[in-house]
Number of protein chains: 2
Amino acid sequence: MTAAKGFRAAGVTAGIKASGTPDLALVVNDGPSFAAAGVFTGNRVKAAPVLWSQQVLKDGQLAAVILNSGGANACTGPEGFQDTHATAERVGAELNIGAGEVAVCSTGLIGQRLPMDLLLPGVGLAVAQLSETGGEAAAIAIKTTDTVHKTAQAGGAGWVVGGMAKGAGMLAPGLATMLVVLTTDAAVESAQLDRALRAATRTTFDRVDSDGCMSTNDTVLLLASGAAGVTPDEAEFAAAVEQVCADLALQLVADAEGASKEIRIEVVDAATEDEAVTVARTIARNNLLKCAIHGEDPNWGRVLAAIGTTDAAFDPDRLDVAINGVWVCRSGATGEDRTLVSMKDRQVVITARLNAGTAAATLWTNDLTADYVHENSAYST
Amino acid sequence: MTAAKGFRAAGVTAGIKASGTPDLALVVNDGPSFAAAGVFTGNRVKAAPVLWSQQVLKDGQLAAVILNSGGANACTGPEGFQDTHATAERVGAELNIGAGEVAVCSTGLIGQRLPMDLLLPGVGLAVAQLSETGGEAAAIAIKTTDTVHKTAQAGGAGWVVGGMAKGAGMLAPGLATMLVVLTTDAAVESAQLDRALRAATRTTFDRVDSDGCMSTNDTVLLLASGAAGVTPDEAEFAAAVEQVCADLALQLVADAEGASKEIRIEVVDAATEDEAVTVARTIARNNLLKCAIHGEDPNWGRVLAAIGTTDAAFDPDRLDVAINGVWVCRSGATGEDRTLVSMKDRQVVITARLNAGTAAATLWTNDLTADYVHENSAYST
């Protein structure tokens, strides 16, 4: 994120996590512009920081983002909202800005209050550590079950879009248990930031579905400092934002909890893009298929059984399915020899041809493994 | 099934399964009545035997049902449909009845032709074994990954409803990978059979959702011989059919692949029954929650995160959740102490109170375990 001029960041250990690893990140926009946009979880059960951040973003301006791991501050009632408010107030006081210019993001266990006696002093610590090279430290501090921290960047002549993300499970439509902060030093108004961000998330984060579970805390923010003094072409800027989002989205899939395979699901020749997405998502959520992929079994019957539960336009006798390029199902029945399919690689491609039109969509998911079960049953996350 | 007078059944080994265990079952109605009704999978990708049985049931009459395990005969094209037709023809020829009076059910791997050279001679073997005590042998022959065979019965003065079921995974709405044959010796017309069966499946098999996966082959048949010479009161008969369906449905849940917990999800104070079912099903399909239950972790936050993805009527700040009777979530936030929840028993009850009306629904599911992953990734089923 600090690749973009005009931003400083920090990642510190406030003590929120029992593990003693970094758990508090701060990103500050030093301007001259403070334009910002955000996209939030579609879950109707929204964490306090989501409700807060939606509110402060209404004017399209942000000067800072404070993010903690170690607790989602979701389902914590009015007290939880007050905790978020107090966090923003503390950041504002330390930076001499208004609390209404501070977005708050939290991730971790749902249903527990945050340890404010540790978090608030941590804010001071983070402010003291702010640096123009602090982007990586911030990316590390927002990890939960992530095994690696995630950053990306893209850009054009004289300007850059940078970003960080966390998320390793609960990845689903309307985003994921996922916090993303993008920064740019381009001079872009908030309305344009909003268009670029919504367009990019629609085809990147919204097309990642690790386990069909939608989080209460998903937040994607885009802040523009204008420090580069350059206003890029709208399409070029949108492409850079999409590139960074796509890069981060694939990093999320690659780090999904317990996964041993990344599965790219391509639905082609659909009647509409929406139907292609629906079919792809239904395939992505089929536990039986996800187990089969884990077992390197090209079980195309489970793909058809999944497609058959949708109301997309298709004729069951005209469905074709390829796994890693081998058309194992043609016209709804056995096609090429399934023993021709090699599934040794970590990446698996499933192509479903609906033969109902010309629309298409691609969505990413993972296999379902015993490690996923262990990771999500052994302790509360 | 042979508890009902007028029925004979058999279960034999035709050699369809590589394991050499019984794989072909036959149920014959000797009359005097041949009234019948059926409910089939809602999956649009329907196996050949489903298409065939729907067709022959149009006149509300059946004289026999032939069922095989070891192959679903789904996604097998026109040849697969011809195989089903040939099977019904062979049964008809052996019993001296028309093929149009014979329903066919298949279960097993999708996308493979059945070994007709083994199946057809098996029909003769099954006919030779038909007996008035053959119900149990038939129930054994339709097992796939089932660890036990499943039968149930109920009834009134002078009449009985009996039934058998198979199914251990892929259990989901619009039924499951599940074959069920119910018999009665009551004298009941096909229209009444149909009403009783649809009402019963709506609140039993349709309220079982083991893994969210809907099969291509689900079939529930109800055959009436009239051999008892008794016509029961319609409500009393419907109650007996529902009782047998509920008994079999719970046996399916108890035998679900790899499961270590049976989870009863009760959604109460919903605006409508449909919304209660939708919320219950969404909770039942949340992999993160299913893993938590496996780990005996009363992670109510995952219940709220699941509810939040539905469009049912509720206020996030007025949701209450109990796990095994302890109200761990009240008004959308922390309620009673979660350490009071004991989850040692195999059965777990999750109660979600929406505080949006007076409707309710109960649905059954299982936990998600490493054994489920192993069972469904180690080989094709």
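Just so it is clear, glycine is given a Cβ too, placed from its N, Cα and C backbone atoms.
Values in this document were obtained by computation on a predicted structure and should not be read as measured data.
Annotation comment: TrEMBL describes B:THR177 as active site, nucleophile.
Under DSSP, B:THR144 (substrate binding site) is assigned to coil, being neither helix nor strand in the three-state scheme. Summarising the annotation, TrEMBL assigns substrate binding site to B:THR144, B:LYS166, B:THR177, B:GLU257, B:ASN376, B:THR381.
Contact annotation for chain A: of the listed binding-site residues (B:THR144, B:LYS166, B:GLU257), none places its CB atom under 8 A from a CB atom of that chain.
The Cβ neighbour count for B:GLU257 (substrate binding site), using a 10 Å radius and every protein chain shown, is 26. A sphere of 10 angstroms centred on the C-beta of B:LYS166 (substrate binding site) encloses 28 other C-beta atoms.
Note on the binding-site residues B:THR144, B:ASN376: the fewest other CB atoms within 10 A surround the CB of B:THR144. B:LYS166 (substrate binding site) carries a strand DSSP state (E or B).
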